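The structure under discussion appears below in the form of structure tokens.
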Amino acid sequence: MRRVHTVGLGRLAGGLARPGSRRGPDETTHTETLTPGLRHLRYMSDTPVDADEVRHVAELARVDLDEDEVEEFAAQFADILGYFDALDEVPEVDREDELVNVMRPDEVHEGLTQEEALSNAAETEDGYFKGPRVS
Amino acid sequence: MSLNAFITKATLDGSDDGPLAGKTVAVKDNISTEGVRTTCGSAMLEDYVPPYDATVVELLKDAGATIVGKANMDEFGMGTTTETSAFGPTKNPVDESRVPGGSSGGSAAAVAAGEADLALGTDTGGSIRCPAAFCGVVGIKPTYGLVSRYGLVAYANSLEQIGPIAPTVEDAAALLDVIAGPDDRDGTTRDAGADSNYAAAADGDVEGLTIGVPTEFVEGADDGVEAAFWAALDELEAQGAEYREVSMPSVEKAVAAYYVIAMSEASSNLARFDGVRYGTSGGDDGNWNEAFARAREEGFGSEVKRRILLGTYALSAGYHDKYYAKAQDARAWVKQDFDEAFEDVDVVASPTMPVPPFELGESLDDPLQMYLADANTVPVNLANLPAISVPAGETDGLPVGLQLIGPKFGEETIVRAASAVEN
């Protein structure tokens, strides 16, 4: 009495990306980078991800990669970002939520002691975290 | 042979009496335990010892539970198999050649194997329900805001909740009763759940309950999983529930939307791991950018790097509107589809996972295929809703989970419906 489906997971993998109205990087003025002052409005193309682009994003994210990882990620990112293109078909949705800020006065609570806060640091000096040099 | 369900074994005694007196609990290793290392399954935090307890850990201790260890997990919760853990994979106690699911695989395996009576997991896109389904136990992903996230090491704040894993629906609900409720240290918690008695709702009474089945959630499932799913629905029908098909076209976009949002939040959240205040140090050579990048290369595994980089990409100049903004539209669309469905039905049902447990090592090379396995669980997180996975038979000797999704703060309804599946 019920339909028995015999479709494989293939439904999930393919057929979702159809041509839609794509907004490319040219049409936006939004700028957001991880380093203040750096303004790459278009630092990557809209088409497949190459190794240089992976290296650039890794630099923004402060993650060193070895060459094998760069090659592997370039291939995988092309697949994954291609799948994300399915979002181009999402309709405009009226969001009913009326969001309002909820404010409260600051209150002083007991927190960690300085010693506790420093307890997991690799290096400390005079009760402070010790980090690498800035430049 | 050990299942490798725990990263760290410990015995933390609770108070002498309380609703969980005499119960042992495994706590997922991304939930802070004072004085006991909390690794998140990552080499980055191999030696990290929190100086404070998460709210849920305080509540467990107050309720008389004994915490028996920190459960293995996919690194920072990023995975569907518990194979991305830096501490090695956990085996599925039902079939040790299979994965336990993830990311709370250690928690579910510990409960299924009797190494703990109960467990806490966390669910960002299915990480409680998937391992519950794969290990043949019960898992609940609470409504967003029901359980405090204070002391949970954040991966994707807008999606994740802490929740219970247990052998039975009633036990899972009783553990949820202990951890639910508002917390002034987590501004997203709500008053719902303050005086809950979800355990009492496990009465198996589904007379008159209306169950919606979105065709989109069932198409594409493995044949054996689908057969077990329909058999469970037949059983609920025989007990007085009725079922109808509903349509939720938005869920076709849920996996893409979920991964864009989760990766974007992860790229921001995990920026804190710079090796200075805690975690693997990048040493003193070069400037701080070089030291941070070195710490993160050493400390993070592949899946974590992949998600940080993709999240950085999705939020970056020129791509924010294409990926992140569209994903938020898809999220609103998914919420709207659920709202409409709940005008006609009391709960929405689906197979928890479209497939039986993977073989160990089967899926590590193809991240996209792994993401697609989360198709039925991620819509729930996008819509902030509660859902339960309850065992519903087997396929080829492997457990199948039935997922029951409720309206916001409808935990009693899903507990009641799931308890009938156990009858």
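The backbone N, Cα and C atoms fix where each Cβ goes, and this holds for glycine too.
Cβ neighbours of B:K28 (active site, charge relay system) (same chain, under 8 Å, six or more residues apart in sequence): B:K70, B:A71, B:M73, B:S104, B:G106, B:S107, B:A119, B:L120, B:G121, B:T122. Taken from TrEMBL, the feature active site, charge relay system applies to B:K28 (among others).
B:S103 (active site, charge relay system) falls outside any helix or strand according to DSSP and counts as coil. TrEMBL lists B:S103 (among others) with the feature active site, charge relay system.
Counting only residues at least six positions away in the same chain, the Cβ atoms of B:M73, B:D74, B:G77, B:G102, B:S103, B:S104, B:G121 sit under 8 Å from the Cβ of B:S127 (active site, acyl-ester intermediate). According to TrEMBL, the active site, acyl-ester intermediate annotation covers B:S127.
Annotated domain 'Amidase' per TrEMBL: B:12-414, in sequence order.
Annotation source TrEMBL lists region 'Disordered' at B:80-107.
Under DSSP, B:S127 (active site, acyl-ester intermediate) is assigned to coil, being neither helix nor strand in the three-state scheme. According to DSSP, B:K28 (active site, charge relay system) is assigned to a strand segment.
Averaged over the domain 'Amidase' (B:12-414), the predicted model has a pLDDT of 97. Within 10 Å of the C-beta of B:S103 (active site, charge relay system) we count 34 further C-beta atoms, all protein chains included.
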